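Peer 1: Just lifted these from TrEMBL, have a look:
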| type | residues | note |
| --- | --- | --- |
| TRANSMEM | 12-34 | transmembrane segment |
| TRANSMEM | 43-64 | transmembrane segment |
| TRANSMEM | 84-109 | transmembrane segment |
| TRANSMEM | 121-146 | transmembrane segment |
| TRANSMEM | 166-192 | transmembrane segment |
| TRANSMEM | 212-232 | transmembrane segment |
| TRANSMEM | 244-268 | transmembrane segment |
Amino acid sequence: MGSASPVPLNIWIYLNLISNTILLPFLVATFLFSTRASRHPTLINLCITCIFSGISSLLLFYVGKYEPDSPEPPKPLCIAQTSLLYGIAPMWSVAVLAFVYHTVVITIGGYACPSLSKGKMVVMLSAPYIVQCSFSIATLIISVSHPDFVSRYHRKLYCALAYSPLYIAMSLFTFAVCVAIFAFETYLARYLYRNYRGMRQARHSTDLHPTLLLRVLLFGLYILLGMLVNFVSILYDQTFIEDMYAAISGTVVFLVFGTQADVLRVWCFWRRDDSRNKPLPICPAH
């Protein structure tokens, strides 16, 4: 890969900084502390993985080593960033899978709001971080054993490990999880298409809002795009496409799930809220 020009680098930094480390923490705080816009832990977990992705991506930016013409970052810093980033894509994909699975279960389960068992909830929330640790530890072991393989030269935007077997394993794992996500999304879309009238009739008694389900389906299109990007990256790893896709993920999550009416009403607290006493759409996301 040639040297990173200032434009792609600045766009990449901007997306990670604004969306992943500023807007999403604000959205997570809203979900956690507002009783009028609460969400299911799987969606909050998804947002947190994006925040973690942004922080890991910006390590060189935080220490002022991000300029294309700046010297090679200190090796310990490079190894730390590489180890963290190699677990980001698998972690994020598993977090998305947990959220989509929960949405499908809630939707298919008679529009009720069944509570998941404590054990199942622990598995769904911890799985992304278990996957993250697994890939990060593997990357750390290889990086420490072969420090010459770790450099900013390989990706330009951040430090990376020049070790194809691990990169291919990470990409294939992420691709497989995205296939599962898209399968759930397809099943959900097919179910909603066949039961649209029943959904509308049940809405008044279940608080199940089709608009949120539509957002989840639109998010599925972004996942489909990610599958294509992942496949291209396996064949042509010397490209910025995968990096830009990952950087924009926080923006997509914020726009899809942070622009719902109840969230906007919480943020626009100075405006009169005529729906304060109306039931909130809590089933699919709470």
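Backbone N, Cα and C define each Cβ position, glycine as well.
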Peer 1: Under an 8 Å Cβ to Cβ limit, what residues of the same chain, 6 or more beyond the ends of the transmembrane segment (244-268), are close to it?
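Peer 2: Contacts of the transmembrane segment (244-268) (Cβ under 8 Å, skipping residues fewer than 6 from its ends): 8, 11-12, 15-16, 18-20, 23-24, 27, 30, 34, 36-37, 39, 43, 46-47, 50-51, 53-54, 57, 88-89, 92, 211-212, 215, 218-219, 222, 225-226, 229, 275, 280-281, 285.
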Peer 1: Against which stretches of its own chain does the transmembrane segment (84-109) lie, if we need a Cβ under 8 Å and a gap of at least six residues from its ends?
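Peer 2: Cβ under 8 Å, 6 or more out: 40, 42-43, 45-46, 48-50, 52-53, 56-57, 59, 116, 124-125, 127-129, 131-136, 138-139, 158-161, 166-167, 170-171, 173-174, 177-178, 180-181, 184-185, 187-188, 191-192, 208, 213, 216, 220, 223, 230, 246, 249, 283-285.
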